[in-house]
Amino acid sequence: MSTIVALATAPMNCAIHIIRVSGPKAFEIINKISTIKIKKETFKIWYTILKDDNQILDEVLINTFVAPKTFTGEDLVEINCHGGIVVANLIIKTLIKYGCQPAQRGEFSRRALLNKKMDLSKIEAINNLVNAKNELSVKGVIGALLGRVSQSIAEFRHELFMIIGQIEVNIDYPEYDDVEQVDAIILKQRLLSLDKKITKIIDQSKKFLPINKGIRVLIIGKPNVGKSTLLNALCNEQKAIVTDIPGTTRDVIESSINIDNITLNILDTAGIHLTNDFVENLGINKAKALIDKVDLILYLIPANEQQDLELYDLIKKQKHLLVYTKKDLVDQYDDKQIYINAKNNDIQSLIDEIKKLFYVQEFDNANIDVLQSQRQIGILENVHYLINNAILNLEKGDTLDLIVADLEFCNLRLNELLGISSEYDFLDDLFKNFCIGK
């Protein structure tokens, strides 16, 4: 295995940079440029000056970590140098000169996975923590980072192992009287109980995913209903030109904001109506094409007008809110509807409805143990499907080997979630609890 090096901090001028070196020759290589002997001792901080021949590179602090008790599971050295990017690059260039290889993207985390320092769920959580868009996203990542999500998946696997093991024993040793026979009713109950737990984490994860990645919001309506005014109010700055002339917005304007601990990725669009203007029609077609590609649609209607049923037909199957703008135009309000005056920044009622629609309060007041990506959710949904297929086959009276085939594939998918080997000897685990051939 090669010894790798990379800048662990952002590639820009700052107060301090951290350069990470990992691999079997980490200490050997660092000692080629250190003016003092960096001993192979763990959890130590060393002050030294780095030199290449007679050229002084920098005055640094070096943190040392000895395998296997490191992030990567390998010998690990972290150099804390001054924050000039030129200085950091010079040190990295020198380390490469003396034997380091430039690290590939994510290679330190990959080595941590290969050396079983953490599972794939935790690895993905680290990346999500770095890219967290708001405090609620951080809260959702922490559950995975601390291993609570991995523990849940491990419990699913263990229960699955026990079920598969019992079935395998019945298939392979039918002649033994002391082997507990598979009871179809009990087996179905165990599978239903397992599926209930899996469904719960799928449902929670689906709810949380838009919050984690940012809620994609499409603002639509007829021309001059206040779409761009709402965008500017949400962003608290003029992102879009606002005039009294219908059709001012002709293209999609996108902006990302954090507001009340949620991230909104907002798309302001051209007003949807019949027009002979070629350019405006392009913008209208873009708006229509986005309808099924967002998490939420805000359909804006002036408070003194009725909704356009033809336009509503385009969005009614998607998650949406009807928002009545220019509330100052009416004297009475329907308590069941949302009224705003974006020109005066009177939009809190809309923000509150968005938070309610995406369960923000629910997540804000509880520990969040959720999957971190659509990929992970998709895998667990496949497990849910396979378990239900096994239950269906059980109810039809199919043979045990057909039922166990679905469950064994469930095991492969759960292993995929954790990034571990899919090889597992079920009988070895089961022999601890079964008395075979005594």
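Glycine too: its Cβ is placed from the backbone N, Cα and C atoms.
Around LYS117 ((6S)-5-formyl-5,6,7,8-tetrahydrofolate binding site), the same-chain residues at least 6 positions away in sequence with a Cβ under 8 Å from its Cβ are PRO68, THR70, PHE71, THR72, GLY73. Swiss-Prot lists ARG20, GLU78, LYS117, LYS438 with the feature (6S)-5-formyl-5,6,7,8-tetrahydrofolate binding site.
As annotated by Swiss-Prot, K(+) binding site applies to ASN224, THR243, ILE245, THR248. Secondary structure at ASN224 (K(+) binding site), as computed by DSSP, is coil.
Around the Cβ of ASN224 (K(+) binding site), 19 further Cβ atoms fall within 10 Å across all displayed protein chains. Here Swiss-Prot flags 224-229, 243-249, 268-271 as GTP binding site.
Per Swiss-Prot, Mg(2+) binding site is recorded for SER228, THR249, and the stated evidence type is sequence analysis.
The domain 'TrmE-type G' feature in Swiss-Prot is assigned to 214-359. Here the domain 'TrmE-type G' (214-359) returns a mean pLDDT of 79 for the predicted model.
ARG20 ((6S)-5-formyl-5,6,7,8-tetrahydrofolate binding site) counts 20 other C-beta atoms within 10 Å of its own C-beta, drawing on all protein chains shown.
A straight line from the CA of GLU78 ((6S)-5-formyl-5,6,7,8-tetrahydrofolate binding site) to the CA of SER228 (Mg(2+) binding site) spans 49 Å. Residue environment of GLU78 ((6S)-5-formyl-5,6,7,8-tetrahydrofolate binding site) contains 19 other Cβ atoms, counted within 10 Å of its Cβ in all protein chains. Neighbour density around each Cβ, counted as other Cβ atoms within 10 Å, peaks among the binding-site residues LYS227, SER228 at LYS227. Residue pair ARG20 ((6S)-5-formyl-5,6,7,8-tetrahydrofolate binding site) / LYS227 (GTP binding site) shows a Cα separation of 48 Å.
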